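A.B. asks: Below is the structure I would like to discuss, written out as structure tokens.
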């Protein structure tokens, strides 16, 4: 029948049917077996063997793709079963299936696959490493994973053995049947120091013949334990060392070894201080074992030292051992002879009278040496110049005596040296040096340094001024040399006095050079001996003129005016100052004094240094710069005295600017029914000139329709004068010129385009074209600001805000026209709002506009603020009244009167101090020498002028320096203040501070140094000061946006007559002025706006916004439209973009604009941005008949179906075409 018949599904069905049909028939069992691994086609058995009688034709219950037919071949005709493949018991160990005969007998067949030894035992790994401590006890067990054999029964793993026979005494292997592991036992003790590694192989074998094997390599690493103590290489060590050996000298080295490893074998050495060397004379290197000398040795104190050194390993339980070290100290000659001197004067001092005779004993000398107690010591004398001699009186005693006559005035002091030497090897010696003084006797006269003294003094020297310090010397000493001075004779006894002790000659009265040009007198110097000896000298005093007159200007204040654009080099004023002093001090130099020297730009003016002529140095444009200039001119004489005068310069305007329209194109739509007298539009032109040159008037240029309009000459308001109904729907253009008061006419006229719209009804018109309202900044939201009103003959009017309020601060009621604020207002951030309002009706396409100017009125909601609430200054008691002591400054954020600050003193200390109310300048009003008060505490109050007044207080502590030193130091002023631009370059000069000495003998400013000190509460100042000249320099660049005010102290230091430091301080305030160093920055580089077509002209499209980090004019921004001026305009102040004309999407669906913003600095900086405007569609085009000829008329009959008169609904009708021609 075949084993692979295509009728298999049918046969299976038939067999199942037979099985079911004959389920009650006889069932036979057939069990067969076959060994695995036999080749394919090996006969396994016969199905007929399982039947009671022979039969052919068998049906198998398994499908053709089952494992039975995959592995076995069954002949359906004969019933012979054979292998189809090589069988593997480990994959499948039995096969079961059912066969049926055609007569209905069933055979259950079971075939068992017999195992053969085709697998070897296999360990989990080929090699294993074990770590075993060398102290592991005998019998220690170590588990190993056993081998596995895929075979079963006797062919599975049967046992294990160690292949190396020598391992049998050290390790033993045990295992249990059925266990997956085996045990390795340690049979003997281990010693790592003898052998630290073992390796052997364990074999696993099965029960096959021959047996199959598996191998496991076992590596055993013996771990070290601390089981060995350190061992020294010597039981004791001996060394010798001379007693003068330097500290840290090496004595010897001990060495020990330890057989252990790692920390167990690492040795540390130390000296056992409990048993030896308690004074730590020696030390040892813990690692190397080198013994060092730790303290100096002294053979005389101890000649032998015994040390016990221990060696310790670093194991967890350390092992120890010790050794003995003996150190012998060798003696050296290290003691010098000792020398002592006993002086034989009455007081025991080293002194001898210059009258002592030859042979007179001065001192007794004794010597000793501890090294050589029995040997002699030699002594020698040096420095005696033959005046003294040394005599030996015993082995260790000597006598010092006079050997020549003494003269103290020739030599009053002898430096004698005694040298004692021993007989050691090498020999040592010692020295004693002493000073022997020769006592004086009065045998010398005083002697002046000079016989004649000539000295000069200024005529304004105050009483008590020093003239000269005469000095006489007496060769004697003590009382014999004490000199007293006196005046023997003088032409003006009352004018001169002398200090008897010092010889200081001073003035006793005021000098007058015009009365006495010179004064002479004799000075006597007498000593204090008995009898007294004296001598005289002549002194001549020349009285000199001084620079005691300051320059004086003929005027302290000059008012002058010059026209702008005056020729550079032209002079317009001569200032004159005079000096009453002699020509040496009366020659004056003039200079501009502004407190600092600008190197980076030329000043507008210069002054001739000798004539005082004030001249223009560069072109002055009144329209782009300040209109007034206040300058300070300084006149200084050669002596450094100076005076200042103020010049107020007013720059007169010239008519050099023509009026300019901005914008120069205007477009407006009005109804043809607009009534005559209505205001149409306001054109505006500006002129940069001032006065009458800046006053602008307006005229309409003659044209076709110019007669229908009139123009207010002063305001530029265009007014309708005639009816426009006859024009119907039309566009007219007018041209307007502007003329200033000097006759200059605008270079370009303003073009006004008026769209006249034909409407059945007149449009709504505002009663006024401009409204002005005011609202306080503290008005709560919802406060009424004002009402606009429009007139509409046909009915109701609606209102809306079209532009000027980007922040949404205001709203208008659509019906009543009432304007109110919707948000809180702040005058400090926005002082005004300029709104554009529209009025319109539902029945007219025309709307009207009005401008509403809302002033946000400042209220006094901010108090003045001082930089800090307290300050301290120090003032000399010699400060003159009128001196500026301090400048108070408080800032108020409010404006106008609310922001104007005045300064007051709560107490002026009985009139001692005054404060200037407007500028906060605190001055001294009375001398500080009137009373003896050490400190003053003032409260400076800053008040604004608002209602009610706001104020703050600064506590100023003034400390008075009342030192009475003859020499003192003071600055020209206690307060310096200067303004500099932030563009000042590094290392530029800023201002020069000066301090001067006052009073005292030393009038020179030599030795005076300057330095800077930081002031608490203020940022670090970027300045340095020249220590000698007092010039203040910029140390690094400034940035106004980061810091605009610096305040610090300048310190002057000098030495007084006693060489003690004297100091003075002054305050310096530097105000940084802003420069235009930051360009404006747009919030976005590209803006996208959407607007519906047909939008009313002047409707708001969107707003662009830029910011500038600068301040003042440098941060004032102006917006300019660089393109597409035909359809759009931009508000130059707010950045609001409006459509100037009605838009038509069918003509232009989108527009791209370029916007530029500029600041008002010099030079102006700018930035640009791109604006994309998308025009959206509305249903503004009616259907058209495209096939109707253009020249034909169409007759239409209209049948009205419905008419609803309601806004927003269409008239519904049906049209019927009757004919056309």
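Heads up, the Cβ atoms here are built off N, Cα and C, so glycines get one too.
Relevant sequence annotations retrieved from TrEMBL are reproduced here:
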type	residues	note
SIGNAL	1-25	signal peptide
DOMAIN	58-123	domain 'Cadherin'
DOMAIN	124-232	domain 'Cadherin'
DOMAIN	233-339	domain 'Cadherin'
DOMAIN	344-448	domain 'Cadherin'
DOMAIN	449-553	domain 'Cadherin'
DOMAIN	554-661	domain 'Cadherin'
DOMAIN	662-766	domain 'Cadherin'
DOMAIN	767-866	domain 'Cadherin'
DOMAIN	867-971	domain 'Cadherin'
DOMAIN	972-1082	domain 'Cadherin'
DOMAIN	1083-1185	domain 'Cadherin'
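Show me how these features fit into the structure around them.
C.D. replies: Looking only at the domain 'Cadherin' (124-232), the predicted model's pLDDT averages out at 89.
Here the domain 'Cadherin' (233-339) has, by DSSP, the following mix of helix, strand and coil residues: 4 helix, 48 strand, 55 coil.
The helix, strand and coil residue counts that DSSP assigns across the domain 'Cadherin' (344-448) are 0 helix, 52 strand, 53 coil.
Secondary structure counts, DSSP: the domain 'Cadherin' (449-553) has 7 helix, 50 strand, 48 coil.
The DSSP breakdown of the domain 'Cadherin' (867-971) into helical (H, G, I), extended (E, B) and coil residues amounts to 3 helix, 49 strand, 53 coil.
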A.B. asks: Quick one: find which recorded stretch in 344-448, 449-553, 554-661, 662-766, 767-866 has the most Cβ pairs under 8 Å with the domain 'Cadherin' (972-1082).
C.D. replies: 554-661
A.B. asks: Under 8 Å for C-beta pairs, could you tell me which stretch among 233-339, 344-448, 554-661, 662-766, 767-866 has the largest tally with the domain 'Cadherin' (1083-1185)?
C.D. replies: 767-866
A.B. asks: What does the DSSP secondary structure composition of the domain 'Cadherin' (1083-1185) look like, as residue counts for helix, strand and coil?
C.D. replies: 4 helix, 47 strand, 52 coil
